[in-house]
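Engineer: Pasting the feature list from Swiss-Prot:
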type     : residues                                               : note
BINDING  : P17, M18, S19, Q72, K141, N202, G203, D204, G226, R227 : FMN binding site
ACT_SITE : C102                                                   : active site, proton donor
Amino acid sequence: MIKIGNIELSSNVILAPMSNITDLEFRKLVKRFGAGLVVSEMIASRAMIMKSRQSMQKCAIMHDDPTSACVQLAGCEPDVIADAAKMNEDMGAKIIDLNFGCPAKKVVGGYAGSALMRDERLATKIFEATVKAVKIPVTVKMRMGWDDNTKNAPTLAVIAASSGVQMVTVHGRTRCQFYSGNANWDFIRVVKEAVKIPVIANGDITNFAKAKEALQKSGADGIMVGRGVYGKPWLISQIAYYLKTGKEKPAPSIAEQLDIIIKHYDAIIDYYGKSVGVPIARKHIIWYSSGLPSSAEFRCAVNLMNDPIAVKEKIAEFYMSVMDANK
């Protein structure tokens, strides 16, 4: 089983940090489906130390379980990242994850995210400053490198491990690929062979078969699932079950899915309030219903609704109609 410092994960299937997706309520939900670790949305370190409302909301954690209290920080200033890490530790975080992988132009333009892979000296300073600032484990998520000519993830992983970082996650693409092409799980094996700390494979893990293939090709200690959980938070438990038993675990029934969605919807509204919560919930509703009969009409209707009670009633009505059609 994977250990991050003194924290042992119950599963080697991890939920990836995703901006505007892995908020507190979504992490709670996926954790209930057996994720070994759930990671917060990326938080800008400078905004964190300024205690901006958005950053404080993003760093909210579940205090009863260390594997539910991992906060991801982004930035390019070692002292600022270190201060933000200490601040999160003081608020209860049990793991700090450093973002060296985000390919977004806005992030890279600020010399953060995957741009850090182009400056190994700066990366070293960030690793060392963060590890020194906190007593909790520090991990890092990166890509293979900036482009095909600079695939330096193995080198950066060695630097990270030497600096005291205790786990490395590698997305099997370069920054310049963004999300095009296929994730190169074979390359992750090179990273795994370069360090003794746990290495996690990430990228294109959307079903049972791909999860197994990613582990086999990468030799990684575990896998991190990202976009595959859109509308399927239960995928984490299905993958974990398949990797353990070799058998496929069926998805929840439509009735069970309705219960999951309603509880998730209620949690979003309670956490964010009505005016903010409904727009946030919409994207999840769209993903949940994707592929179901008449879902296009349902999604169009929900997109025009702002009253939280009406939206909830529409969800129930739609799923009941799907159940009736399946009788």
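Note that Cβ sites are derived from N, Cα and C of the backbone, with glycine treated the same way.
For each listed feature, how buried is it and what is near it?
Structural biologist: When secondary structure is read from DSSP and collapsed to three states, S19 (FMN binding site) falls in the coil class.
In three-state terms derived from DSSP, C102 (active site, proton donor) belongs to neither a helical nor a strand segment and is classed as coil.
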Engineer: Just going by other Cβ atoms within 10 Å, which of the binding-site residues P17, G203, G226 has the emptiest spot?
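Structural biologist: Per-residue Cβ counts within 10 Å for the binding-site residues P17, G203, G226 bottom out at G226.
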Engineer: With Cβ-Cβ distance below 8 Å and at least 6 positions apart along the chain, what are the contacts of S19 (FMN binding site)? List them in sequence order.
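Structural biologist: Looking at Cβ-Cβ distances below 8 Å from S19 (FMN binding site), excluding near sequence neighbours, one finds E41, M42, C102.
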Engineer: Between the two most separated Cα atoms in P17, M18, S19, Q72, K141, N202, G203, D204, G226, R227, the residues recorded as binding FMN, what distance in Å do you get?
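Structural biologist: Value for the max Cα separation, rounded to a whole number: 21 Å.
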